[in-house]
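Trainee: Dropping a structure here in C-alpha cells format, bear with me for questions.
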Amino acid sequence: MKWLLLAWSNLGRNRRRTLATLMLTAIGVTGIMATSGFALYTYESLQEFAMRDKGHVILTHPDFYSEQEDFPLQYGLEEAASLQRTLLGDEEVRDTLATVEFSGLITNGDKSTIFLGEGVEPELFQVRGPVMQLNDGRLFGVSEDNTDAQALIGQSLANNLKVGVGDGLTLMSTTVDGALNAIDVVVRGIVSTGVPEMDSRLVMTQIEDAQRLLNSDRVTRIGVYLSDNDDADDYYRQLVEAYPELGVTAWHERAFFYKSVRNLYNRIFGVMGVVILAMVGFAIFNTASMSVMERIREIGALAAMGTRRREILRLFLMEAGLIGGLGSLVGLALAGLLSLGLMVFEVQMPPPPGQTEGYPLQVYWSLQVAWISSALVIALSVLASGFATLKGVRKPIVEALNYA
Amino acid sequence: MSLLRTRQLTKSYHLDEVEQRVLTGVDLELVAGEFVGLVGPSGCGKTTLLNLCGLIDRPDSGQLFWHDRELTGQTQAYLTELRRRTIGFVFQDFNLIPVMSAWDNIAYPLMLLGMSGTEQKERVRSLAEAVGIDTLLDKRPARLSGGQRQRVAIARALAKRPELIIADEPTASLDEDTALTVVELLRDLGRQYGSTVLVATHDARLTRWCDRLIRLHHGHLVHNSTTEGVTAGEVLV
Ligand SMILES: Nc1ncnc2c1ncn2[C@@H]1O[C@H](COP(=O)(O)OP(=O)(O)OP(=O)(O)O)[C@@H](O)[C@H]1O
Ligand SMILES: [Mg+2]
C-alpha cells in the first residue's frame, strides 16, 4: 500500500510527461475500443441482415447447394407446407418462409431482359422486417386475395422496361418438364435492395405464381426464423439431427458478405490494434527510461538504505501499471462518450462497395473488448517499463550515487 | 566489542588502462557506540573506504568482519538485508526522496523493516523532536533549508536504531553554525541509540566532537588515536 502511494507520488514528479503518456495510452485504448466497437457493430448488423435475409436455419434438398440443377426445382423440397407446420411446433421458431427461386425473361411487349425471380410468401415482409426499400406502390399484404398475379420489381428494372405501378409485364421461364411457360403479372411495387445488380434483375412474385410458372409444387428452400438470435446454433444442431434426409444449413454458411467483411475487418483492425499497442509500448518505454535516468541517484540512495532491487523495480512497474490503468480507464470513458455521441448525433457512413445505401456509423462499447484491451495495455506498460528500467535499477550503488 | 573490522582492504580504480590504487591495505576496527572521524586530503579515498564499510561496494582484496563474522563472498542480497537492518546513511547532499514528506522520509527505513504504524509514529515523532524539525514533518524536502534537510536525513539514518551510521561529509553543504549543530546532533543521538558513527570530513572544527580520529594517507590509515592532541592543522593535511 505504501509502495503504491509512493508510486502514485512519483507520477506527480513530471506532471506534463505523465499526463502526455497517460493521454497517449488513453487514446490508444479509445482507438482499440472504437475500431473494434465499429467492427462489432458491423458484424452484428451484417449478421442481423443475413439472418433476416434467409432465416437462421435454411432447409433445402440435400444436394441443392452442392449440385447444379438440370431443370428448375430439380433439387427442390416436396411437401413444404406440412414441413413448415411441423417446424412451427417448435417453441424457438417464430416463423418459417418458403421461397421459390427462378429465373427467365421479363418483357413489356417491346423489350425483354433477364430477371432473377423469387416466389415468396406474403408475410415475408412482416417476418423479415425492413430489408429493402419500397419506392412506389405496395408490398405484398397477408390477408388479401388477389386474382391477378402481381410482382414487385427492382427500381432499375422498372426504369429499363419503362413501367410503373399498375403496368403489366410478362414473365417467361422453363417449366420442370422442359416446356416454355409464361405468366402475366401486374407491377404492384417498385423496390430498392441497395445492391445495384439486384435492382436491375429482381422480380418478386407470390409463391403460388412462381410455382404455376414452373409447373411444380416444390419450393427451393424454407427459411426458419427464430425468436432469439442466440438460439441459432443450438437449433441448427437440433435440425441437423431431426432431418438427416434434408439439407440443413446454418445462416452463416450462406452469409458470404458477412464472412468476407468479417475476415477483412479482423485483419485491418487487428493490424491497427497491434500498431496502437506498439505505440503505447514505446511511449511507456520512453517515459520510464527518462524517469529512471533522472532518478538514478535516488535509486542509489534507496538501495544503500537496504531497499531490495526487486522492490525498486516493482516501484517503477507500479508507476507504469498506474499510467496504463488510468490511461485505460480514461480511454474506456472516452470510447463510451464516443459511442453515446454517435447514438445522439447520427453520422452517416458512405455506402459499402457494391451497395447504394449508406448506413449510420455506430460504435459498440463492448465489455469484453474493454477487459482485453485494458489488460493488454497494462501488461504492455509494465513490460515496457521493466525493459526500460532494468538497467538503471541494476547499476552498482556507488555508481548510481555518483551519477551526475 | 568489535562491530566492524577490516583487514588489508585494497581498492583500485581503472581509468583508461591506468590503474589508480586508492586503498592499499586498510586495517580498521570500529567498536560499538563510538563516534569516529575519518580525515585526510581530498581524493585520498575517504569516500571509497566509507563505501566499503557501508557495504555498498566491494574491496578488490582484503577482508571485512561484521561482529567478527566474515563478509567476503557474501551475496548482494545478504549485504542488502544487513544494510536494511543495521546500517544508516547520511549523505553529503542529503539524498532525501523528493516526493515524500519529511515524515515519510524518516519513516521509510521503518517501512522497509515492516514496522507497525503506531511504532513508526512514535519513533518519527520523538526523532523529529530530537533533531528539532517536529513542525516541519508534513513538508517535502524542496520546502526545507539545507540544515533542515540534513536534520531529516539524520533522523532517517537513526530511525531504525542502526548499529552503524555512515556519514560522508554530512556538513559540506551546510554553513558553519548549522554544520556544528548537525554534527553535534549526530553524535548525541548516535550515543543515545548506541550507534557507531563513522563520519568522513574536511572540517577541522568538527573533529573535536569525535571520540577517535583516523587519517588516510597513501592508501592506508596512518593516524589512529583519540582526538586529544590533534590540531586543526594536522587534520587538514
Ligand atoms: N568511480 C571512480 N572511478 C575512477 N576513479 C575514482 C572513482 N571514485 C573515486 N575515484 C578516485 O579515487 C580517489 C579517491 O576518491 P574518493 O572519492 O574516495 O576520495 P575522497 O577522499 O572521498 O575525496 P573528497 O575528500 O574530495 O571527497 C580519487 O583520486 C578519485 O579520483
Ligand atoms: Mg569523498
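Every residue gets a Cβ built from N, Cα and C, even glycine.
Any TrEMBL annotation is an automated prediction that lacks curation.
Positions annotated as domain 'MacB-like periplasmic core' by TrEMBL: A:18-239. Annotated domain 'ABC3 transporter permease C-terminal' per TrEMBL: A:271-396, in sequence order. The transmembrane segment annotation in TrEMBL covers A:21-43, A:264-285, A:315-345, A:365-388.
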Trainee: I'm a bit unsure how to read this: which one of A:264-285, A:315-345, A:365-388 has the highest number of Cβ pairs shorter than 8 Å with the transmembrane segment (A:21-43)?
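Mentor: Of the candidates A:264-285, A:315-345, A:365-388, A:315-345 scores highest.
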Trainee: With DSSP, how much of the domain 'ABC3 transporter permease C-terminal' (A:271-396) is helix, how much strand and how much coil, in residues?
Mentor: 97 helix, 4 strand, 25 coil
Trainee: Pop the mean pLDDT for the domain 'MacB-like periplasmic core' (A:18-239) in here, whole number is fine.
Mentor: 91
